[in-house]
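Trainee: Please find one structure pasted underneath; my questions will follow.
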Amino acid sequence: MEFVKPGNHVLYVWISKVQSGLEKAVNEIRHLKDVVVSVENSDRLEDSTYTNSTFDVILSHCSSESTTNEKLKLFLNLVKPQRPVVFMFLKSEPATLETFEFQLKAAGYVNVKKNASHVFVAEKPNYEVGSSVKLSFAVKKPTAAVWKLEDDDEDEEVINEDDLLDESDKQKPDEASLRVCGTTGKRKACKDCSCGLAEELNGQQKNTADAPKSSCGSCYLGDAFRCASCPYLGMPAFKPGEKIQISSDQLMST
């Protein structure tokens, strides 16, 4: 047998249609040095307990009934990677040979060759059945290096977060100070004032603008110097230029 080498573990598969010469063929293989031969019937091979990649060579008699896809896959599991499976067809079935090469390739065999008029030799690929590999369909674009600070880098000086604030920063500010401009120190409302300072300042300006003016210039001296229609009638004397708040009732009564 040209396909069997010394030290090989060989699986010899026979079919019911081929029984004559079976014992002779098996004995010829066993006479080779350190060769171990396991003989199995094709119909009972599915019931065997062989593990994957057990055999160095598989020699199988074939017929149209025995070359099913399930049987071809079983042979592929049992033989070692890159090792041959030899299919020996009956000479009375040449029609099977016409499509068998395509059937072998579809089942996963490689290096399929027709060795004789009724013999095909095929190999198991250089990987186990069911193995997988990650495919990369796109070239990854290089990413820019990003500066990172490692937690265990003892050479880097890190600011203590507790030192970022002192006690004055933690004190709650006075409400009145929040309503004073931080640059000029004057009470000045910002453009989008929402604290009420703008309304307060506008009210003061209105009161100042609406304050009645004295026509005689002596109202501040007291009632003795005021006329009957004086808006300050009944009010105590005040200093010249001093701002006096007059209630709306007083203005209406005058």
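Every residue gets a Cβ built from N, Cα and C, even glycine.
Copying in the features that TrEMBL gives for the protein in this structure:
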type: BINDING; residues: CYS181, CYS190, CYS193, CYS195; note: [2Fe-2S] cluster binding site
type: BINDING; residues: CYS216, CYS219, CYS227, CYS230; note: [4Fe-4S] cluster binding site
type: DOMAIN; residues: 7-116; note: domain 'Anamorsin N-terminal'
type: DOMAIN; residues: 207-246; note: domain 'Anamorsin C-terminal'
type: REGION; residues: 216-230; note: region 'Fe-S binding site B'
type: MOTIF; residues: 216-219; note: motif 'Cx2C motif 1'
type: MOTIF; residues: 227-230; note: motif 'Cx2C motif 2'
Trainee: Could you state the whole-number distance in Å separating the C-alpha atoms of CYS230 ([4Fe-4S] cluster binding site) and CYS193 ([2Fe-2S] cluster binding site)?
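Mentor: Computed Cα spacing between CYS230 ([4Fe-4S] cluster binding site) and CYS193 ([2Fe-2S] cluster binding site) is 38 Å.
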Trainee: Using the alpha carbons only, what distance in Å do you get between CYS219 ([4Fe-4S] cluster binding site) and CYS190 ([2Fe-2S] cluster binding site) once rounded?
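Mentor: Roughly 38 Å, rounded to the nearest whole number.
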Trainee: Pop the Cα-Cα gap between CYS227 ([4Fe-4S] cluster binding site) and CYS190 ([2Fe-2S] cluster binding site) into the table, whole Å please.
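Mentor: Answer for this pair: 44 Å between alpha carbons.
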Trainee: Using DSSP reduced to three states, classify CYS216 ([4Fe-4S] cluster binding site) as helix, strand or coil.
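Mentor: Its secondary structure by DSSP: coil.
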Trainee: Rank the binding-site residues CYS219, CYS227, CYS230 by how many other Cβ atoms lie within 10 Å of each Cβ and give me the one with the fewest.
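Mentor: Each of the binding-site residues CYS219, CYS227, CYS230 was scored by Cβ atoms within 10 Å; lowest is CYS227.
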Trainee: Take the Cβ of CYS216 ([4Fe-4S] cluster binding site) and count every other Cβ within 10 Å, whichever protein chain it belongs to.
Mentor: 10
Trainee: In this structure, which of the binding-site residues CYS190, CYS193 has the fewest other Cβ atoms within 10 Å of its Cβ?
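Mentor: If we count Cβ atoms within 10 Å for the binding-site residues CYS190, CYS193, the smallest count is at CYS190.
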Trainee: May I ask for the distance between CYS227 ([4Fe-4S] cluster binding site) and CYS193 ([2Fe-2S] cluster binding site), taken between their Cα atoms and rounded to an integer number of Å?
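Mentor: Cα to Cα, CYS227 ([4Fe-4S] cluster binding site) and CYS193 ([2Fe-2S] cluster binding site) are separated by 44 Å.
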Trainee: Can you tell me the mean pLDDT for the region 'Fe-S binding site B' (216-230)?
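Mentor: Summarising the region 'Fe-S binding site B' (216-230) by its mean pLDDT gives 77.
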